[in-house]
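Per TrEMBL, the features are as follows:
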REGION    1-70  region 'Disordered'
COMPBIAS  1-21  compositional bias 'Low complexity'
ACT_SITE  Glu186  active site, proton donor
ACT_SITE  Asp325  active site
DISULFID  Cys388-Cys420  disulfide bond
ACT_SITE  Glu434  active site, proton donor
ACT_SITE  Glu459  active site
BINDING   Thr545  Ca(2+) binding site
Amino acid sequence: TDLPRSPPAAAEPRHASPAAPRRLREKLRTAARMAGPPAHTAPGSRLQVQGGERRAQPATGAPPARETRAPFRFDYERFRRSLRHPVRGRRPGEDPETRARRMKIKEMMKFAWDNYKQYALGKNELRPLTKNGHIGNMFGGLRGATVVDALDTLYIMELEEEFQEAKKWVEKSFDLNVNGEASLFEVNIRYIGGLLAAYYLTGEEVFKSKALELGEKLLPAFNTPTGIPRGVINLGRQDTRSLFSPCSGMSWSWGWASAGSSILAEFGTLHLEFLHLSELSGNPVMNIRKVLNRVEKPQGLYPNFLSPVTGNWVQHHVSIGGLGDSFYEYLIKSWLMSDKKDSEAKKMYDDALEAIERHLVKKSAGGLTYIAEWRGGILDHKMGHLACFSGGMIALGAEHAGEERKQHYVNLAAEITNTCHESYARSDTKLGPEAFRFDAGSEAMATRLSERYYILRPEVVESYMYMWRLTHDPKYRQWGWEVVKALEKHCRVEAGFSGIRDVYTTTPTHDNMQQSFFLAETLKYLYLLFCEDDVLSLDDWVFNTEAHPLPVNHTNFKA
Ligand code: DMJ
């Protein structure tokens, strides 16, 4: 059933924010000192990120920071007043079919949540066939990835009871005192992003304090000669290092990444969340983007692997899909989140997109536009499902491209989104494969057995949502509805939703995983596709790469 409509933003619950924890303030201040003199001094002013030119040193041995400012307090009330639209929209008259479709997606979310809660609460993800939980090895001992990823979707869908269940789990059971190897990227986009979004949407203090506490545990990953973090970090307490946990706070590169390199899409996908940690704690963080801006780029392209020691590229593999994807996304979103003030990010985005278009964008014999991958100058005519976010990204940037370029980018975004839709339409299940190719006579289809699976990924419906908001062409809602029907038919099982192993058979086997991003992203973007534009308006919010909404800085949060 549909819940009562939300009141306008001004009437929604507000909660005062006490001062940020002193320990984090001091640590972030130390990090800021390492990066150079702060660009701000006024208490409570918008924090500026610092240049990453200086060599970052381990914090140990640094003189204690002197408290010279008044205790920082983030003003949540003032932030809420700065929003231009109520977060859950005003819902003017809409047609019954749109509403019914939205309600169907809400029912799917409730089903996904209820089954996770019943069989896997406290584990990271649900195994819907075996009806148990999955922990995985990406989150360094943290639990409840689905809870944290689902919070804002439950809230936006007005699943109030379920939101309270999730909140209660965070309050009572979400333990940050863990010791294990975590992906810095995954913890950042899912946990930090999810907690920040839940805080900004509701003002509930618990989400902010957990985000700040967890953010602090990630800081040691930035202690490299360039400030570019490594991919894996141990989340154990640093003060227990010698006793129980020899690796606590240490970081290292993925074993599979060439020559100890860091991954573009990983270190390039921290900026939005860390700016907000900075905003909420009152302290600046280091801006690793400066290193990337300075280093020479082959043909203007950004390779996927960079040494955190030398700041040089390690290998010339360029991809707008896996390993590269969200780096580009965070450039345009950094600019939008800064209320269009971060012109460095915008220029880097514009230049990167131009190079991508010049070198990677191709048209197939059948007239489909796609983005190939690049290996030292040789093109691989393959597009991953992950790369399908780019239709939405280019749509988002198109509006701000200047009159003469705008239509060009709207067309490019529409063509790429159409190609990704074709990868779905050409399968038997009407769901798309993990990767599809444009070679050996193939068009928008997987040609390898290992690329035929679908794991409930969001990128294609993400692009439908942005294209809908940009153009209001009804075909995007139609395409989104086709995905809903296919998910119901092929991925819904008795106890949740599962990925499938082969999109080219109408009787696919299931992979027994309900990914947390299905609740964070896939269902959220589908729901928003059938909402009015003022629900999580793009005037007020940018979505992190896990679809967690973070607010645009309209006011510099000044009184
Ligand atoms: C999500 O965790 C994020 O969207 C990330 O950027 C890429 N992979 C998954 C979804 O496919």
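Note: Cβ is positioned from N, Cα and C throughout, glycine not excepted.
Known features from TrEMBL, placed on the structure.
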residue	record	Cβ contacts under 8 Å, 6 or more apart
Glu186	active site, proton donor	Met138, Phe139
Asp325	active site	Ala265, Ser319, Leu386, Ala387, Phe389, Ser390, Thr545
Cys388	disulfide bond	Ile416, Thr417, Cys420, Ser423, Gly432, Glu459, Val460, Glu462, Ser463
Glu434	active site, proton donor	Gly384, His385, Ala446, Glu451, Arg452, Tyr453, Tyr454, Ile455, Arg457
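Listed in sequence order, the recorded positions among Cys388, Cys420, Glu434, Thr545 whose CB lies under 6 angstroms from an atom of ligand 1 come out as Thr545. In the three-state DSSP reading, Cys420 (disulfide bond) counts as helix. Across the recorded positions listed here (Cys420, Glu459), the residue whose Cβ sits among the most other Cβ atoms within 10 Å is Cys420. Summarising the environment of the residue listed as 'Ca(2+) binding site', the number of other Cβ atoms within 10 Å of its Cβ, over all protein chains shown, is 26. DSSP assigns Glu186 (active site, proton donor) to a helix.
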